[in-house]
Structure formats: structure tokens, C-alpha cells
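Please read the structure below before turning to the comments.
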Amino acid sequence: MTPPMASSLAVLISLVCAALASSAAGVRVDLTRIHAHPGVTATRFVRDALRRDMHRHTARRLAAASNTTVSAPTKKNSPGGAGEYLMTLSIGTPPVRYPAIADTGSDLIWTQCAPCSHQCFKQPSPLYNPASSTTFGLLPCGSPLSMCAVAPAPGCSCPYNSYNYTYGTGWTAGIQGTETFTFGSTPADQTRVPNIAFGCSNASSDDFTGSSGLVGLGRGPVSLVSQLGAGKFSYCLTPFQDTRSTSKLLIGPSASLDGAAGVGSTPFVANPATGPSYYYLNLKGISLGTTALHIPPNAFSLKADGTGGLIIDSGTTITSLGNAAYQKIRAAVVSLVTLPTSADASAATGFDLCFALPSPKAAPPAMPSMTLHFDGADMVLPSDSYMMQDSGVWCLAMQNQTDGEVNILGNYQQQNMHILYDVGKETLSFAPTKCSTL
């Protein structure tokens, strides 16, 4: 299949049937793809997504070095975005709606606040003003949700729990408060949850354009999932070429793989050196078709100093692997494809390995599935989930990085896979699913 890569990976999350506070079912969320500007080509999209992912990787290295759980948000570099998922919710009383980047690779919830006395990025919704809300309060410094306690860092100080966080290519600063958050798109299905701890940023760089802030869905105590006490959540991302169907995100008891076929489960791996934020997994090997690749056994190992390992991240578009593992995958793909490689396509997209198809509309050759061998379960990826086609070129949708850095399973490799994060049971479960029918 051919993804029309002129469409963006950016997704607007419209909360539907929000009944977390009034129903045992939890929250059902529709993920609706936002299409890119007509002038955004596939080449530009891929280049922007790779640049954005590189910024996230840089931020993770900085976070690991400082023992914080802060990670970079996704960055929108094109009119249609470069891989973000935007969660629309409301904050305050009266409620002010705002779209925020939903990120499983971080914890902190924050939005821009008025007045922005220093610097604010352009956002699609009005600035939230805590002075206009009857339910805003300052978070006490002694709170277990204080970022000064959760992730001590320079610039974090009391009595107002002020923070100043520097991401790979961006930063945000403000104070922590508590507020009532409203979930639901219509009055009939709205649920209001009081006393959510969040960051009220009054100065930020312009690296978050297209959103009004960020919602962390990580494992740490200040994430939305942790504060709601949801225990688990799941999502199922429709294929990138499917521009009509909606993806689904479920938070709470309704998040389940009951009845799904081919369910596999693998435990999360703790990394005491970097804190609880990331969802680490134990990847033991990779196969292409029936051939097990001879990847060094320590390529995906989590080191004692907290480096290495592999995380799954919905906020990263393209899977990034250490060079030793990537080169084995690259060689295996090259050995199966008889098409000529295209240096021009690689330069244009940023992908290391691209092939030239006979014509812009020519179908690529058949390829075997790729299997990720996790501890206790195999995740099988069809070729559409690791190869990307556009306008006569066909590329390996993965990138390499320096050995020893954290490996990342991105969302392109997660399409048409129903994925359940069970924080309570410390497991990730998944099942191949036609997500458009879920």
C-alpha cells in the first residue's frame, strides 16, 4: 500500500464519551488525522519528522545526564505538522479549550498562560488566564506532584514551584498550579476533574507551534494517566494512508484487548537512573521473514548507568536504532530488493536507504514481515510498517544513531496495532488489528 505522505501525521484528539468520573468504563477518545497543507510534500514531511525526532533524542540525552524525567515534546515544523498528536481538552472555570501535544514520552502537563510577559509562541486557541478562573490554585511546594520534588532541576524553586526547563531545541518556564480540567466535546458527555496539577507557562520558545501546550502520558506521578488513577490506557493508530478513519485512545477500565486475536504481552523494564517516565521494553532480537538477524546481543540492553535500552513512544514518528542493529536490518533489506538505490531520494527525505521504483505510481515489490522479538512476545510488522513509499521512491522507514543511545520504537511502526499500556501490571500488550474497524 502507498501512504499519501502529503497528509500529516498530526492528529487531533477529540474526547468522546468522557465518563472517567461517573462511569467505570473510563474514557473513549477519537483520534482524527489533521491533513497537511496541500503544499507539504512527502519529502518535506519526512525531513521534518526526522528533524523533530532528532530533537527529541537530543533532549533525552540531556535528561539522562541530569537525572530528570523531562523529555522533549514533538515539534511542528510544517503547516500540517510532523507527527504530533493533539489532545483537545478544557481548563479552568469557565472552561477554556486548548489543544495540547499528547506525549507518552513525558509526564508534565502544561499550557501557556496569560500574561506572557517574556515570550510566547503562537497558539490556535486563546491564552488561559488563571486570574479569570475561579478554580485555579497554586500547587504547594510540599506536594508530591511538585516538579521540584519529582524532577529537581536548575531553575526549580519555591514558594511558587517555578520551573524553567530546556528541551533539545526548546524551553518553557512558569509556575505549577492546580486546576479543574474538562473532558468531552459536548455538554452531554463532559466530565470535570478537579485539582489536576499542571504547569502554567508564561514564557516559552516557539518550538511548540500548532498547540497550546503539552499533556504527558508517561509513567511518572505528574502525568495525566497517573493523576487520573487510570491504571491503563490503549490506542490503535490507523494506517497513515487512511485519511477517513479515526484512531482510538481509551483511558481507564475500558482500555482492554479482550477478544483480540494474537495478543502478545511483554513486561516494562525499570530504569532507576532516569526515573519512571519512559516505557522501556526488553527487545531481544529482530527477524526479517524467517531469517534471524545477527545483531549483537547487547544492542538493545539497558546499561547500569541508565543508557541504552529501548522505549516505545507515540510522540516519535520514525523508529531509531543503534548503528549496529540498524546496519544489520539495512543489509537484510538490500539483499532482498533488486531495485537500484537512490542517493537523491535519501538526500531529499533524510532516510539512509531509498530505492528508485520504475515509475512514480509503480507498486513496490513484495517484502516479508519484520518481527521484533520482545521478552515473552513477538510483534510482527508488515512491510507497510517498516517501508515507506512516495512518488517513485521506496525507503526503509527507520534511522540509525550512535550505539549506546536509547533505541526508540516510533509510531510509524505502531500503525494497525492495538497497544495496551497496563501500568498497574507493568506490561505492554499488543495485537495486530485493523484499527479503522475498532
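Residue numbers in this text run from 1 along the chain shown.
Cβ atoms are placed via backbone N, Cα and C, with glycine included.
Those TrEMBL annotations? Automatic predictions, nothing curated.
Taken from TrEMBL, the feature signal peptide applies to 1-26. Here TrEMBL flags 61-81 as region 'Disordered'. The compositional bias 'Polar residues' annotation in TrEMBL covers 65-77. Per TrEMBL, domain 'Peptidase A1' is recorded for 85-431. The active site annotation in TrEMBL covers Asp103, Asp313.
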Other C-beta atoms that fall within 10 angstroms of the C-beta of Asp313 (active site): 27
Neighbouring C-beta atoms (10 Å sphere around the C-beta of Asp103 (active site)): 26
Asp313 (active site) to Asp103 (active site) - Cα separation in whole Å: 8
